[in-house]
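Features as listed in TrEMBL:
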- 20-42: transmembrane segment (TRANSMEM)
- 99-522: domain 'Major facilitator superfamily (MFS) profile' (DOMAIN)
- 148-168: transmembrane segment (TRANSMEM)
- 180-203: transmembrane segment (TRANSMEM)
- 209-227: transmembrane segment (TRANSMEM)
- 239-258: transmembrane segment (TRANSMEM)
- 264-282: transmembrane segment (TRANSMEM)
- 366-382: transmembrane segment (TRANSMEM)
- 394-415: transmembrane segment (TRANSMEM)
- 427-443: transmembrane segment (TRANSMEM)
- 449-470: transmembrane segment (TRANSMEM)
- 491-511: transmembrane segment (TRANSMEM)
Amino acid sequence: MTVERIFDELGHFNRFQACLYFAAVFQAIACGIHYLASVFLVETPNFVCSVPGNITDVLYGNLTGSSLEDFMPVFKSKTGPLVVRTAEGEQWELSRCRCALRINPKEFTYDFDGNKTVKTCDGNFVYDHSEVYQSIVTDWDLVCEKEWLAKLCQPTFMLGVLIGALVFGDIADRVGRVRILMFTSLCQFGLGVTVAFSGNYYFFMVVRFLLAMVSSGYLVVVFVYVTEFTGIKVRTWTSMHVHAAFAVGIMVVALTGYLVRVWWIYQIILSICTSPFLLFCWKFPETPFYLMAKGHYKEAQTLLDTIARFNGLECRLKAEELLEPEDRENGRALLEQEAEEQPSQTEKKLSIVDLFGSWRMAGRTCTVWAIWFIGSLGYYVFSLGSVNLGGNQYINLFLAGAVELPSYLVGCFAMDRIGRKKTCAPALLLAGVACMLIIVVPADIEALAIALCMTGKFAIAIAFGLIYLYTCELYPTIIRSLAVGSGSMMCRVGSVVAPFCVYLADVWIYLPQVHVLLWLVP
């Protein structure tokens, strides 16, 4: 007899589990929001170097005007500079990161063959506010020699996600799932709002780093939490659709980014989207798996009675009956599902070394970590890179989230019918094929490139969603959170690399997909 008998007696996904599941998954929307929020937080609009003095005339090719702002929507640095004349009679040629003062010009014309004094911008820039009214780039002038600071925002966030996944996964196995869920959800709200009131770049980065840690911590632990509260008959569906909440978060980012073009208002709105969760998360019970593993039989019995009463059933289960005979003699709750695994002391201090306790376990861990890394790399390259494919960037990002919803339905049906392995391998193969096809698409066929990108996202989402559930099923309860946390750590290594892959689009728009393909081929 095992703890899994709970679900045979009280229901695999009855009223109690359903209410708890949807409440816990609701907060996962915030994780998707914060992970992708930087897409528009650090958006760089068109800009040009400014000059001292009042500008009276502007030339750009055959166009004339009197204000730099009027030319920002059409200005392209590769086609030539903007030529301006100030009230003092000076003539300047302006590009993005430098300006040139014409020496003794005779006439005010676009072309000039005389001498010029070239210098870099001294921090004064004019931005195009037609698309982005205010971002951290425009507030803190993160362009030209400071451009790398803006590009460091997403990798730094993902580094925080990496650390948070390992730290909170470990702590959850020690202090319980519920305490971590409450702590991380409260911190998500508090730190998310604090980001909006950042007075400078460095404070912004520190708070975002902490926000990344708690967001990752919640996402790691909520997977374990819903897995331990739902029966094996529905576990594929419930665990996979936690990712659907994450995808909804991506869609919320796209919609909010389209409606709100001021970064700090945008950040506040995103942070309060899931705040109602804070009103009832403190009522969450600890999972029966954890209570039994730690030997808290009385609390486990109380929980069983509560579940039965809420589901309208009579509880005939006793906590002690869920233990193996030898475990009852020793007073320990052992929840290993695999016969070959040796039971460990519940009070033993756990560490990542326990994931390599045997050759079989070590091989399993290495394989799982590799899929975590590849899945994450592809997932975030397709997501972050969708805004660079042309067309409307807000629609592209929205589609990148929306396409995940059917992918999880397909993934669940496939896993139930052909198994985990036979679902994961074709999904990774399809993602690789999509990457190859994107590479050969002509640059002027934007619709086809976007369609292939969404196909790749659809495929990689199946593999990425599957590995969470697969990891939970491969490891015993006592180290399950640690296994998911360490796997998520490897996943975040991929997510740290992903933004740098996306930046390769500055060299060639499809170079990020080439990078993903190189990882998928092995």
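If you go along the chain as it appears here, the first residue is 1 and each next one adds 1.
Glycine too: its Cβ is placed from the backbone N, Cα and C atoms.
Counting only same-chain residues 6+ beyond the ends of the transmembrane segment (148-168), those with a CB under 8 A from a CB of the stretch are 35, 38, 41-42, 44, 136-137, 140, 142, 180, 184, 201, 205, 208-221, 352, 380, 384, 485-486, 488-489, 491-493, 495-496, 498-500, 503. Model confidence over the domain 'Major facilitator superfamily (MFS) profile' (99-522) is summarised by a mean pLDDT of 81.
By the Cβ criterion (distance under 8 Å, sequence gap of 6 or more), the transmembrane segment (20-42) is not counted as touching the transmembrane segment (449-470), fewer than 3 such pairs being found.
No contact links the transmembrane segment (239-258) to the transmembrane segment (366-382), because fewer than 3 Cβ pairs that are 6 or more residues apart lie under 8 A. Beyond the ends of the transmembrane segment (366-382), by six or more residues, the same chain brings 158, 400, 424, 428, 431, 453, 456-457, 460-461, 463-464, 467, 470-471, 474, 483, 486-488, 490-495, 497-499, 501-502, 512-513, 515-516, 519-520 to within a C-beta distance below 8 angstroms of the stretch. Within its own chain, the transmembrane segment (180-203) is flanked in space by residues 24, 27, 30-31, 34, 136, 140, 142, 149, 168, 171-172, 210-211, 214-215, 217-218, 221-222, 225, 263-265, 267-268, 270-272, 274-275, 277-278, 281-282, 284, which lie at least six positions past its ends and keep a Cβ under 8 Å from the stretch.
Between the transmembrane segment (449-470) and the stretches 209-227, 264-282, 394-415, Cβ pairs under 8 Å are most numerous for 394-415.
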